Amino acid sequence: MNILLANPRGFCAGVDRAISIVELALEIHGAPIYVRHEVVHNRFVVDGLKAKGAVFVEELDEVPDGAIVIFSAHGVSQEVRQEAKRRDLKVFDATCPLVTKVHMQVARASKKGTKAILIGHEGHPEVIGTMGQYDNQDAGIFLVESVEDIAKLPVSSQDDLTFMTQTTLSIDDTSDVIEALKEKYPAIQGPRKNDICYATTNRQQAVRELAKQSQLVLVVGSKNSSNSNRLAELASRMGVPSKLIDGPQDIDPSWLDGVETIGITAGASAPEVLVQSVVEHLKTLGVTGVSNLEGCEENMVFEVPKELRIHEVK
């Protein structure tokens with residue numbers, strides 16, 4: 001029995017940046033540092049930051065006035081930003097720059113009075129933050145999760161209409177939704193290419209190749225990680241059994257019955273140390289070989305805020 005590792009896998013530039021922001025803030029200012037929402041959707045990462053003194057909260061009313069707070073990689077609404085300013089909170093913003101790019105698209109649409117349609121998953125923190133960039137009551141922003149939702153849209157005119165997407169969606173599903181939107185609203189405007197980020201795109205492509213050569217695909221990632229879920233779904237759609245796992249403790253040995261090659265990948269918020277712990281555990285269950293699938297190289301780096309960057313250099 002062999003293991004085939006997907007490439008690329010694991011941390012993306014936005015996740016690296018978000019974790020660095022929390023760690024540097026703790027190093028400079030000391031604990032406690034408050035973080036609104038899980039800074040990235042991975043239990044192992046969050047538990048590690050908690051151990052260093054990070055305090056994770058869901059809303060700003062849990063943060064003392066004047067304290068330091070970090071916004072998660074998923075971004076926040078304008079209302080949250082205004083509340084932080086009103087309460088004199090010191091903010092370090094760990095919003096992924098690629099999410100911020102979508103925020104700016106929504107804010108521009110709001111300012112122009114252009115109706116906006118966001119393709120995304122209801123209730124996901126990124127979607128809540130992105131929807132919260134729109135404040136034009138005369139137009140409006142509407143959420144679409146699937147092709148079926150398009151028929152329910154309360155939008156009759158295609159004039160001054162634009163769409164955006166969450167950054168961590170299924171490429172195939174999103175393409176179907178965009179195609180259906182353009183069929184119903186031929187004049188709808190949108191980004192030149194969808195807003196799905198490079199890391200999501202690369203990891204989904206890697207899983208396609210992985211699934212072709214595996215009888216089982218394990219995706220290392222937490223249950224609340226959107227991009228990790230999409231990886232597991234993609235492998236399943238290709239006819240390969242797939243499991244989303246937090247770590248080796250989640251592996252059921254019966255999954256390995258009749259399997260010759262186990263494909264392993266990791267969501268953009270899952271650290272490589274978890275992948276290696278899964279590999280080591282599988283070796284105790286009969287794996288004898290480990291190889292890497294060739295894939296594209298990622299060189300993207302996002303800088304931390306200037307105040308933290310100066311300290312990092314020192």
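One-based numbering along the chain as shown.
Any Cβ shown, glycine's included, is placed from N, Cα and C.
Not measured: the values here are computed from a predicted model.
According to Swiss-Prot, the feature [4Fe-4S] cluster binding site maps to Cys12, Cys96, Cys197, an assignment based on sequence analysis. According to Swiss-Prot, the isopentenyl diphosphate binding site annotation covers His41, His74, His124, Ser225, Ser226, Asn227, Ser269. Among the features that Swiss-Prot reports, (2E)-4-hydroxy-3-methylbut-2-enyl diphosphate binding site is placed at His41, His74, His124, Thr167, Ser225, Ser226, Asn227, Ser269, with the record citing sequence analysis. Among the features that Swiss-Prot reports, dimethylallyl diphosphate binding site is placed at His41, His74, His124, Ser225, Ser226, Asn227, Ser269, with the record citing sequence analysis. Taken from Swiss-Prot, the feature active site, proton donor applies to Glu126.
Feature map: annotations from Swiss-Prot on the structure.
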residue	record	Cβ neighbours (10 Å)
Cys12	[4Fe-4S] cluster binding site	28
His41	isopentenyl diphosphate binding site	29
His74	isopentenyl diphosphate binding site	28
Cys96	[4Fe-4S] cluster binding site	26
Glu126	active site, proton donor	25
Thr167	(2E)-4-hydroxy-3-methylbut-2-enyl diphosphate binding site	29
Cys197	[4Fe-4S] cluster binding site	26
Ser226	isopentenyl diphosphate binding site	24
Asn227	isopentenyl diphosphate binding site	26
Ser269	isopentenyl diphosphate binding site	32
Inset, instruction - Among His41, His74, His124, Thr167, Ser225, Ser226, Asn227, Ser269, the annotated (2E)-4-hydroxy-3-methylbut-2-enyl diphosphate contacts, find the widest CA pair distance and round it to a whole Å. - result: 15
Legend entry - Length of the line joining the Cα atoms of Thr167 ((2E)-4-hydroxy-3-methylbut-2-enyl diphosphate binding site) and Cys197 ([4Fe-4S] cluster binding site), in Å: 5
Legend entry - Output field, dimethylallyl diphosphate shell: CB within 8 Å of site CB centroid, site His41, His74, His124, Ser225, Ser226, Asn227, Ser269 dropped: Val40, Pro125, Glu126, Thr168, Asn224, Ser228, Gly267, Ala268
Legend entry - Rounded Cα-Cα span from Cys12 ([4Fe-4S] cluster binding site) to Ser269 (isopentenyl diphosphate binding site), Å: 7
Legend entry - Integer Cα-Cα distance in angstrom, Cys12 ([4Fe-4S] cluster binding site) to Asn227 (isopentenyl diphosphate binding site): 11
Inset, instruction - For His124 (isopentenyl diphosphate binding site), list the number of other Cβ atoms lying within 10 Å of its Cβ atom. - result: 17
Inset, instruction - Just give me the nearest neighbour of Ser225 (isopentenyl diphosphate binding site) among the recorded positions Cys96, Glu126, Cys197, Cα to Cα. - result: Glu126
Inset, instruction - Looking only at C-alpha atoms, tell me how far Asn227 (isopentenyl diphosphate binding site) is from Cys197 ([4Fe-4S] cluster binding site), rounded to the nearest Å. - result: 10
Inset, instruction - Enter the number of other CB atoms within 10 angstroms of the CB of Ser225 (isopentenyl diphosphate binding site). - result: 26
Inset, instruction - Whole-number Å only: compute the distance from the Cα of Cys96 ([4Fe-4S] cluster binding site) to the Cα of His74 (isopentenyl diphosphate binding site). - result: 7
Inset, instruction - Express the distance between the Cα positions of His41 (isopentenyl diphosphate binding site) and Cys197 ([4Fe-4S] cluster binding site) as a whole number of Å. - result: 16
Legend entry - Euclidean distance between Cα atoms of His74 (isopentenyl diphosphate binding site) and the residue listed as 'active site, proton donor', Å: 5
